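To keep things clear, I will list the structure first and then write my remarks on it.
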Amino acid sequence: MAISGFKGTLKLKPLKTPVFYKRDKDFRGYFSGHLQHKETKLSPAQLEAFRNAYNFFTKDRTGCIDSHGLMSTVAKLGMNLNAYDIYNELKCADRDRDGKINFSDFIDVLTDKKLFLKAVVPEKRICLDLANNPGILLFEILSKFVEISALHRKDIIELVSYFRKKFQESNSEILWSPYGRRAFKTDICSPPRSSTAAFANSARISIMKERDLYKFLEALKRCNLRTDSPYSKIPVFPLFPDVDGVVLGKPFKDTQKLEMLRKREPLSFFEDYFFNKRDWKTQAMNVKPLKSASGYSDDILAIDQLFKKKQHWTVSDAVALKQHVKRATDTYHLGIALDHRKEMLNLWKKIRGDLVGLESNNESFYNTFSTYTWSWNVCQELLSAKDLRLHDANVNKTSPSNSGLSSPSDLSESDPETGRKRKRKSSRGFRQ
């Protein structure tokens, strides 16, 4: 009886049909609230990066950004805004309502998720323009700083990584945001009107799935780029200069053996190895003197006789003649090099090169003079520093009067001013 009485008094309420739009609304509010709690705080490095970006603005005496400082910063970056737009931006960014933007207001605006989504993914019916879309000016100025590299590299990396992470965290919230309705039907053919939107598009592409990326590339291929766009032109330069245009030929025989023999050759001087010089002077010593009255060498005269004897030439004859021509050309170049070498030695004697280094207390004059004796006939210097020192040593042995340790009287004859100075110094020392 008790149980039946209990059943009679217990009445269940009828079930109600679920209202889907209310459930979606509640879920949407829960989802946005969950993301707000997920918001992370700024690290010390990120806070320092924002501080350095804040210091780039023109500020007043109190260290805050007023309307004049904001307009001056905008003008420096090449952005056009009138006083009314500046007032709206200042009013939107002034959180404590003191008429200025301090660092706390600056951080609150740039870390605000709604303003960030408004700057990155604007609403479809709102044109992405600074004049008609207040609240995104600080994002645009910050992106300009990154674009022109006004900040240090460390600060740029911190800011970009912060906003990239913020965009990835807000990617799911864009589904419920009124500014996210345009995200899935973006006009990729028209360039973005904002640098912040361009950075956001790059970040969006970096987190795309493979299927979405293929769709994006297919849509990008269907776009007709402008004819004056540099991206529509085919580059004429190699993209990989070390790889493109390199034709691998057939390797020579015994190349490794020759390389090992070359490395085993003894080196008398480091400069010979460094400049890869040839011993052209020994070759020039073997050159026969000119015996003909015409002034030409025997090799050139022999080639002239060959041309007179034969009127019809074959390929094999031309190959054989090539060696004679090369020998005659080398002989001619060596003869010119020897003549220039004599001229340079005469110039060294005239300027008394052995005394220039002593007078200036600079022994590198040998190397300097040797550099200016470069000859394209032998592709190296005609006189090395070693040759000049050997020449001075031979001259000093044969004629003591021309040595570097010559007497003050000899120096006074060759250079009167230098001799007078030395005589004055010696007389002063004698008086002391």
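Yeah, the Cβs are placed from backbone N, Cα and C, and that goes for glycine too.
Taken straight from Swiss-Prot:
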BINDING   ASP94, ASP96, ASP98, LYS100, ASP105  Ca(2+) binding site
COMPBIAS  399-411  compositional bias 'Low complexity'
COMPBIAS  420-432  compositional bias 'Basic residues'
DOMAIN    45-80  domain 'EF-hand 1'
DOMAIN    81-116  domain 'EF-hand 2'
MOD_RES   TYR273  phosphotyrosine
REGION    394-432  region 'Disordered'
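Where Swiss-Prot records a feature, it is marked here on the structure.
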| residue | record | DSSP (3 states) |
| --- | --- | --- |
| ASP94 | Ca(2+) binding site | coil |
| LYS100 | Ca(2+) binding site | coil |
| ASP105 | Ca(2+) binding site | helix |
Integer average pLDDT (0 to 100) for the domain 'EF-hand 2' (81-116): 86
Cβ contacts of ASP94 (Ca(2+) binding site) (under 8 Å, same chain, 6 or more positions away): LYS100, ILE101, ASP105
8 Å Cβ shell about ASP94, ASP96, ASP98, LYS100, ASP105 centroid, Ca(2+) site members excluded: CYS64, ALA93, ARG95, ARG97, GLY99, ILE101, ASN102
The domain 'EF-hand 1' (45-80) - residue tally per DSSP class, helix then strand then coil: 21 helix, 1 strand, 14 coil
Position of peak Cβ density within 10 Å, selected from the binding-site residues ASP96, ASP98, ASP105: ASP105
C-beta crowding around LYS100 (Ca(2+) binding site), within 10 angstroms: 20
